[in-house]
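In TrEMBL this protein carries:
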COMPBIAS  1-10  compositional bias 'Basic residues'
COMPBIAS  68-78  compositional bias 'Basic and acidic residues'
COMPBIAS  1559-1568  compositional bias 'Polar residues'
COMPBIAS  1603-1613  compositional bias 'Basic and acidic residues'
DOMAIN    112-218  domain 'S1 motif'
DOMAIN    234-297  domain 'S1 motif'
DOMAIN    320-390  domain 'S1 motif'
DOMAIN    583-651  domain 'S1 motif'
DOMAIN    666-738  domain 'S1 motif'
DOMAIN    758-827  domain 'S1 motif'
DOMAIN    871-935  domain 'S1 motif'
DOMAIN    1054-1131  domain 'S1 motif'
DOMAIN    1155-1226  domain 'S1 motif'
DOMAIN    1258-1332  domain 'S1 motif'
DOMAIN    1356-1425  domain 'S1 motif'
DOMAIN    1446-1516  domain 'S1 motif'
REGION    1-95  region 'Disordered'
REGION    1559-1625  region 'Disordered'
Amino acid sequence: MGAHGDHKKKREPEKNRMNNALKPHKPSKKARTEVKNNFSAPSEMVTSFHVEADDPDFPRGGGSILSRQEEAEARAEAEAEFESEQDKSRRKKKVTKRLLKDAEDDMGSLFGEGITGKLPKYANRITLKNISARMKLWGIIVEINQKDVVIGLPGGLRGFVHAEEVTDILVNCGNKISEGCLLSSIFHIGQLVPCIVLRVDDDKKDGKGNKRIWLSLRLSLLHKGLSLDAVQDGMVLNAQVKSVEDHGYILYFGVSSFTGFLPRSERDDGHTTAGKIMQCVVRGIDKTRGVVHVDSDSELVSKCIIKDIKGLSIDLLVPGMMVHARVCSALENGIMLSFLTYFTGTVDMFHLENSFPTGTWKDSYNKNKKVNARILFIDPSTRAVGLTLNKNLVNNKAPPAYIKTGEIYDNSRILRIDRELGLLLEIPSSPAPSPAYVSIFDVSDEVLKLEKKFKEGEYVRVRILGMRHLEGLATGTLKASAFEGSVFTHSDVKPGMLVKAKVIAVENVGAIVQFASGVKALCPLPHMSELEIAKPPKKFKVGAELLFRVLGCKSKRITLTYKKSLVKSKLNVLASYADATEGLVTHGWITKIEKHGCFVRFYNGVQGFAHRSELGLEPGSEADYVYHVGQVVKCRIISVAPSRRICVSFVTSLKRTSDDGMVKNGSVVSGVVDRLTPTGVIVNLTKNGYLKGTLSVDHLADNNGQATLLKSLLRPGYEFDQLLVLDSEGTSLILSAKHSLINSAMDIPSELAQIRPLTVVYGYICNIIESGCFIRFLGRLTGFSPKHMATDETIDNILDAFYVGQTVRSYILNVNSESGRIKLSLKQSLCSSPDVSFIRGYFLLEEKIVAMQNSDVKDFDLSWAKNFRIGSLVEGEIQEIKEMGVIVCFKNHNDVVGFVSHHQLGDVKVEVGMVVTALVLDISKLDCLVDLSLKPELVGSASAEVTKKKRRRNTSVDLKLHQTVNAVVEIVKQNYLVLSVPEYSNAIGFASVTDYNIQKLPHKHFKNGESVVATVGEVPCSDSPGRLLFLLNTDGLENTNSKRAKRKSSYTVGSLVEAEIVNIKPLELHLKFGFGLYGRIHITEVLEDGESMKYPFAGFKVGQLLNARIVGKGTHPFNSAKGKNWELSIRPSVMSGSMDTVTSCIGEQLDFSVGRSVIGYVVKLDSDWVWLSVSRSYTAHLYILDSSCEPNELEKFQQSYNVGQAVKGCILSINTEKKLLRLASERLSFNAVVNHEMDNRNDEKIPSEHGLQQFSEGDIVAGRIKMILPGVGGLRVQIGPHLFGRVHYTELVDEWVPEPIGGYREGQFVKCRILQISRSAEGFVHVDLSLRASVISGSRHNSFDRFENIDDLRPNMKVQGYVKNVTAKGCFILISGAMDARILLSNLSDGYIDSPEKEFPVGKLVHAKVLSVEPLSKRIEVTLRSGSMPDKVKSTTGSFLDLHVGNIVTGHIRRIESFGLFVTIDKSNMVGLCHISEISDEHIDNIEACYRAGDSVVAKILKIDEERQRISLGMKKSYIEDAVGVNLSHAVDENHVTDNYNEGASSMVDALLVTQCNSDLSDSGDSETQSEHGRKASVLPLQVSLEDSENSDVDGLVTSGQDDTKENEGATKKDRRTKKKAKEEKELEITACEERRLQNDMPRTEDEFEKLVRSSPNSSFVWIKYMAYMLSLADVEKARSIAERALRTINIREEGEKLNIWVAYFNLENEYGSPPEEAVKKLFQRALQYCDPKKLHLALLGVYERTEQENMVDELLERMTKKFKHSCKVWLRYVQSFLKKNKDGIQSIVNRALLSLPRKKHIKFISQTALLEFKSGVPDRGRSMFESILREYPKRTDLWSMYLDQEIRLGDVEVIGSLFERATCLSLPPKKMKFLFKKYLDYEKAHGDDSTIEHVKQKALEFVENSLV
């Protein structure tokens, strides 16, 4: 067995090595199984190896120690033992898996209240197994896609919301937008939303069979069952904006029984649109109207808690609601809470209050502990409720996410190990750590026990797999294989990179492949092969590993390609539009082939277009024959437009062509047909043989039928005499043989600059879309005709009116040179042909076709046509009589057939065989057909001229061009008419029945014999047999059945008409003209711009005739039943102006700009606005306060304007979308706006979004009093529609009067001047106004002088002011809008004042005298005491000489405060302070219980400060008994006296010494700045500390409370002895300095100072005085040298003295350094080498704060919080500085501090921060801090005392009473309860009545009785 034991021991390390060697790189279960199965294979080898290793080195005879049989037995036994061990391990693993499964099932089940009857073991959590329909969840939006929204759910699940399930209401945004745009406008990433589960489907896209959760955000499902009776004030509801109104928003709650209304507020950001989902708080309920008034303030929403409402059911609960809850019990993975009396819920371990819960997290949740929680999910079926205590979620904020998927963190600390579950880690992310959880399956590639492998506090390397966004928890892995490979997550995939992947599925759409890291991608079917394939190739088998290239990776959807051309490409990859540069050659693939080119796609969705000319096609070749979709092509980028348009070329090599050989567009060339193609003709140019051109079938003729016929007759070798070059495609040309385009080639534009509006040009249709036609000119110059501008009549399908390639005449409407767009019209009424070019081209081409047919047919003879001239007489024989007419044959022309229609027989009767003489009307050479007429009048007219051939010719010659004649229709052909002109011997002519633009439209049907009016268009020459061509009048070409339409066509825009006035309205004239046509003249179309008349229609009357010009079609139907409406104008410039003037009127291109003066006409009036019309389409409005600045005129606002009246104003703003102008009276604001435009006074103007663009400082404006503010708040005055200003109490009237606000009322109009415009850090605009007459008029002559600047004040000046606020310590008065002054209680009156509040009410006018002025701190102190101020000060100072430190004096108590007694010293007017610590040797809890005002006392002088006129007293018995001893243990240790030898030197000392906060006057809410500066006085630099800078009463409270705790008594006494000894040493030196000064022994020369520093070389006080003396002499360098000398001289052990010198040195450099910042920084770096860094940083901070260098303070505090993050003092200074600036975000600083500070300092930090919040910040935050620490430490009476004191200071009686009740209900020791009851009783005695006092006594008695029991 020993041998076998050795084998066993040696097998274990070998097995471990083999495990490591066989460990797969790709972690998979299959790989682990293979490794486990392979253990048996090498076992024999391992055993034999170890047996041989135990043999001796040299065995005798070379034999083995064991025989073969023994070896076999040992081997068999070892293998049996090994197999048994493996069987045991397998059974153990099965048991473990079964237990894990059972635990997982148990944890995955949902337990509701009352279902099982027993306490659940695990907290409820949502998984894919238990999630079901109708379950309500709270989620966070993580993705917004085009058609759906992805929501992060509890437990790391993801749900999907389809766009249809977002809202119940239809959102109309006014324009067509996509669903994705709609979703992004309603939601934003990180938004918390409640949702409901619709269904859970299997995700077919995922091969693992995962489920997809479909959710709904519809409020009708979430608020199902909600009624108005269930809605209560303070309830938080989810709502959706139904509509946006002027004053607010209409909200929808998912029910139809009531709606909501949210008023607009100043904090509204303007992004609230219809459809937006928000949370709001119910502020009021109007049950009569069914309206709920709400507020959407985020802070208010986050604090509201749902109340316990009667009848509240689980159906009314919505996820996200906050509730008060109580801890019931702790579960295995969470806690159970009870809330709303009847409900219970559980909190999962990942939703605890602490984001980093350790293994002892259960200790923080004792039974019955009260917490605030939010509902996380609700399952109606099981009544299971999940809650969350996450701090961010409880505050209704999304948890921050500082890490990204795929990131690797090396130093991640293990916080907690959950057995058989996973690890909780702390990720060192920035700016704050983040929690992460690693599941047991992601810990290692092998199965192991977590508690053995890891320990809490260890550091591991982790890679982030994903985020659970709702919990703010990352998921990670520790597997070694996760850190291998280049692709781990979707973010690692880049377009164009080569990757290897394994095929996991093959479908019809493509192959799904997987990278080694598990990331999946799709190889689409077209990209699986180079060729076009219908099914996947055989290479793509499941499990095959192939090489791909990434095509794109958008929205986590990765697409790959297997095309070899792309995979093996060595060219650069084009993956973004930014990478596209001209000349770049790259590979792409064709996605679409059009007639005009190919669309090419590159990587990551980048697209390009290759024009047909850049495809490298041969002439006549088509792109779809040469290329195919999906083909990989090599492209060269030829241009890149900013609008993401990339033009590419398939011709990668650049070929240069000489300019001489190129043919320009628009030139006419000749060519020979080379070959024919299905779509056109290839032509070789005659002069340029190497050039070829393409002639499409559409461009063979203007007539579509002729073009088809001509194409069939063309043969190679046919020569075109004239061809027009339309465009060029490389060396190939695009040609046209159209007669119309060739004749007008000179007029067809090729550039945008050649196009002029309101002209008609030829072109051809190149493309037709549903909304209109694209018309191409020369080159690629293209215009667009909208569908409604294409035809005169409305058509449904534009393809029924036009075809591609059709020749058109286009009317240019307008040209946009910036965008290069041309807008056209194809209406026949605007584009009709002015000549006969259309029919001329038809007949000319017909002759060519006949000639071509003659050349093809050998026996085809055209000589017969010479004998059949049009208009000549011929003889023929009647061959046949048919139904349609008579057939005539000719004797000498057997192939020619004549035809006489019945209409052309006249009265002649014909029979077969009869010989007749007929007139030739028309001939068709192609068909050998002659149209004849037997009408006697026609034949007779021709017979009369047979004898005279010249007369026959002169008939048509007599007709002149453009002559209008009456004609008769003889024959109606398909494309033209044959006409006769009776007036000219029945001359025969031809007229077209159609035109270029109406070839496909139905034309008018003419009848034989119908009379028409025609114009001569072309007369044949006398020597040629040409045709006489006519142009029918316009009526003849229109397809209409009404005569009214014919009359309308004669009037177009720009026509002059004579009209009759039929009606006169205030703003328009109605006129009648033409045949039943009506129009109107707008009031703005009467006078020219700039002309003014009060009533422009005053000179017109009904029935008056006047001339007007049509400027547009009417948009306001005033008489639509009688005819069309037209817009007319009678402005002189329009009536007599050029075409440009008319064009500007048609387009109404009005030049409006800010500052321009315009005239408008009153349309309507309301209470505050006048609405004006300034043009046909633009309106304007004038606000009441913009009409005048005189109050009497504003009172008569309604009477000053009438409808139709002309008003002249200046433009303030322009809204082009609404076509709305805002005006101001020209006399009021024209100068301000013009100056804004001309002088560009940007430094004084405010951006227009606040409505201040017309205002500047110094402007006189009109205002309306909106509110009279209480107290001395002044007035709130409205100066704009949404703009308000404030009038300070001192700016109401010029003189100082007792009630300056008495003459004003709300709603009164006032005239005011703008004093100052400022903007706060939050973006709010503040406007200060003045109503003083002297300020408005500009004169400053007042009966009493006013002081606007602190520099104007001097001591002993007389000032006046109004009382601002009063406290027990004095009051503040308003001197001006920018200055307040302080009056101490001692300076309020010469006598004693019992109640300052009654004597000096707020608003009282007082007359005072200035005592002191500090410009730097803006501190002013005044007095109301009578007498000569200088003498008084002198006598006061003189009395100090009679007092000395240590004297025993008597006096009486003047005032009692919580921190001490103020004592008036007998036989003097001096008042001293006896601090609470110096009153008695015993501890005193309540001073008022021991002393009363007026009591006589005996005290000892402890300290005298002459400069500040302060005396510190002590009343301890030990002081009185031992008058000789000096005990300064509680004296103020910062005060050093200074000499008064030189006024200049004294000021320099002040510059070197740092200010310290210590004042007799505490803070007040309305005078925060003054009180802050009032607390400052001079102290030594060393003594600057945070505890001293705060109020002394705070520390006293902390100390007093801690004295009550026995555990701290020993430490407190030891600290007192240490501090006492240190203070005594400092005070000895201070006393010596004071004695020298009292003996008038201070030096006054440099030599005296030298003697003094030699005698006291270690005294920093002396050295600083020396430095101040040199500064008084303006010798800065000498002062620096003294500082350096002092640093060298002072003993190294005297660290405090050296630190004083360093700080004085800082002050010196800060004042005189060059530059100061750099000088101080350099000096500071030096000082760090010698001094305590923390003290030095604090000292420098004090220097920066004194000089108000805010940037330097912020920068230094940031460094200090990082360097001294464990210092409570540093964090408190940070908080104090932050609160002084009134910034938001204090909570983030508190959180950072708590994470950094040791736990033992948390109570001190939170309590001190709460005190700062109460005094300088938001009291509510202070309350929450006190509440949080009192929940943890309810027995700390010191905390209760501090909390109570702060609430007492605020004075809210209800809050104070409830807080005392809570404190006195605690179960504390009798001593502590006595302290609380005594404090409660003292408060009630001071502020309560007899009943409340009796209540406290009774309660205390009850406590005593209960404690005795």
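Every residue, even glycine, has its Cβ placed from backbone N, Cα and C.
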Summed over the domain 'S1 motif' (234-297), the DSSP helix, strand and coil counts are 0 helix, 34 strand, 30 coil
In DSSP terms, the domain 'S1 motif' (1356-1425) comprises 7 helix, 35 strand, 28 coil
Give the residue counts of the domain 'S1 motif' (666-738) per reduced DSSP state, in the order helix, strand, coil. 13 helix, 37 strand, 23 coil
Secondary structure split (DSSP) over the domain 'S1 motif' (758-827) reads 6 helix, 35 strand, 29 coil
Would you list the DSSP helix, strand and coil counts for the residues of the domain 'S1 motif' (1446-1516)? 3 helix, 36 strand, 32 coil
DSSP on the domain 'S1 motif' (871-935): how many residues come out helix, how many strand, how many coil? 4 helix, 34 strand, 27 coil
